[in-house]
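What follows is a set of notes on a single structure, which appears directly below.
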């Protein structure tokens, strides 16, 4: 046994020596004393605050024990009551390569599959996922803010929770108070290198000091159930326009301009905020009163040159009657003079600047759900009884930044300015503008010609220019049957035409026999016996279609009519001759004359006419110098502009459905859109975010343009009319979803319906596309039910939301598919629907509006 012990002892000594030899030289192990030994100095430590005890505990412990805590047993480690005061301040020694390699690697996790990720992302997008509670609360908070601004007053309970700062959850309505929130570190940009510091603060442990900044919530005030901080009005100076209006009003009334513009500057200037006290303000104790307001000495009026305008709460403080006094937690009224007095006056260093910085750091104007700009105009409000679950959802809402609104407004303004500078401005007004001028016509004489143009009351370019830029115009989107028939009739007439040569050798032009003078001109038309042969090798087959002025298969070298490429006996199928024979005299009457007229595309329906260049330019047409026949040009391709058609006979510019959303008919039209976007669109985007609003804006605009292309095919329309009514539909959906929250929901519904009805009646006037308004509103209504945030009022409401999302998306897909089929496959013609966009109040009220779905 002794030998065994001896051997065992020797083995243990050898192993310990080996371990000591392997111990890294930079490893130091220090075992701290037990916790009760460190807290033994006396009972006076127990009377100190918890943070102060932790600071003393931290100073009494060695500073090297936290460097290598892995070597200490867990039983010897002290229990951390407050981890914020037990952070190590010692520097770690550089670790060797052996220590770095010995660290444990994190474990591997199985990555979610693509289908699971897509399914989870879709559920979070529509707000039906299981872990979407926090996001849903944020949506609900934002929706309450929007409702309070747009749809009137809320219920009383919901309004009180809405006035809470974002750090306080509305669910804390009982006797328990939440834990104090940690105030973020705020850096004063005006401190010029001086840190915020208490005057008596030394480099020693101390208890947290009460805040010296007046008018701002302290750390302990965040534990209160009700705080008056959210009642502070926003600091806002008068704009230049406001001061100009006041100055103009003062001049009209005979007053001094300085008195009118300086009314707000008569108060005593201060760079700090007065203490705010409200009737419903309830705090936890008297310490908050002592640490949140000025002493009597600091309430005196002292001039300040830091800020030029009066502070935020100064004007708000003056509006409170002197009879109003705050109430302590015990229910005892505190006099006003004692309420604004601090027990211990301290130095003023850093107080006033800190109040400004903290106010702007915590102050964020939020958008209430269901209440927004329109709700503020219509004085809507929440009802008084709202459950705590709904209140928690409303409290957690934050406002998005309206990136899409600013981008869209910038694009609209820039494009409108570029269009005006490039294409100019058409005649302004509501009637027809007639221009008369003497123009050289086909017969070689000057004639009086009228050009009728529709005036544009939007102060912008003409309809032809808007079509060329990308306006909604059905003949450019798909093949139109009536325009195709019109082109076929013109080609039939051209097939029987001939060359009219003037006898005085003044020129020639392609025309009909009835339009050529029998005495002053010679009409050249091939007959069965006078026409040239089809091919030089077969002289028996003669041509009967022709002749064409300045074009003949016998003289054209490129493309040549020979072999397998013989030109057909139909002049409407002849190609453009790019190279003629180099000979001054061919011996053919229709070839040796000077041609006076060539094809000209006039109007917006693809109509072609062989005429002079002067007449074509006067009629704002497109003159084709290279062609001799109308069948050789494609007028619709030239009128539509943008990208050329893949097949010249088949229009395919379907991208006009969304391209026209960024165009405007004029400056006034653009200003109306900018005002709408900076009020309604901006307010909705703060609620739902740019991605959701962008989807609703674009899809509802495309749907409205698609319907307008079906029912008003020959009317060029630009602007986001369908998108704007889709956003108005979002207001209705938001009203329906926040119906249980509003105090008077029916009044809000009637007010909003009156606005939409008024806009619909305005759409009965000319030049306003009511078809796009109607279908944009329907599509926006369906999309808003699927994409807008939704406040749930229970488990059944959550399942109802899922069903509503599915039904809304299916209904929108069905509506969009039906419109596509009606546009491309089964065109419909409902003449009565024209009255929805221009009602004929008189016999000539909608004249020249180009509403007819039948071309003449």
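Using N, Cα and C of the backbone, Cβ positions are placed for all residues, glycine too.
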Same-side membrane placement of residue 562 and residue 836 in Swiss-Prot: yes
Among ranges 485-507, 508-530, 531-553, whichever one Swiss-Prot labels region 'Disordered': 531-553
Annotated range (Swiss-Prot: transmembrane segment) out of 630-650, 693-713: 693-713
Model confidence over the topological domain 'Lumenal' (824-856), averaged pLDDT: 72
CB contact flag for the transmembrane segment (803-823) and the transmembrane segment (748-768), at least three pairs under 8 A: no
Other CB atoms within 10 A, centred on residue 113 (phosphoserine): 9
Composition by DSSP (helix, strand, coil) of residues within the topological domain 'Cytoplasmic' (795-802): 8 helix, 0 strand, 0 coil
Annotated stretches the transmembrane segment (661-681) and the transmembrane segment (716-736) touching (3 or more Cβ pairs under 8 Å): yes
Contacting positions for the transmembrane segment (410-430) when only residues 6+ beyond its ends and CB under 8 Å are counted: 453, 455-457, 459-462, 465, 469, 662-664, 666-667, 670, 673-674, 677, 766
Residue 117 (phosphoserine) CB neighbourhood, other CB atoms within 10 A: 11
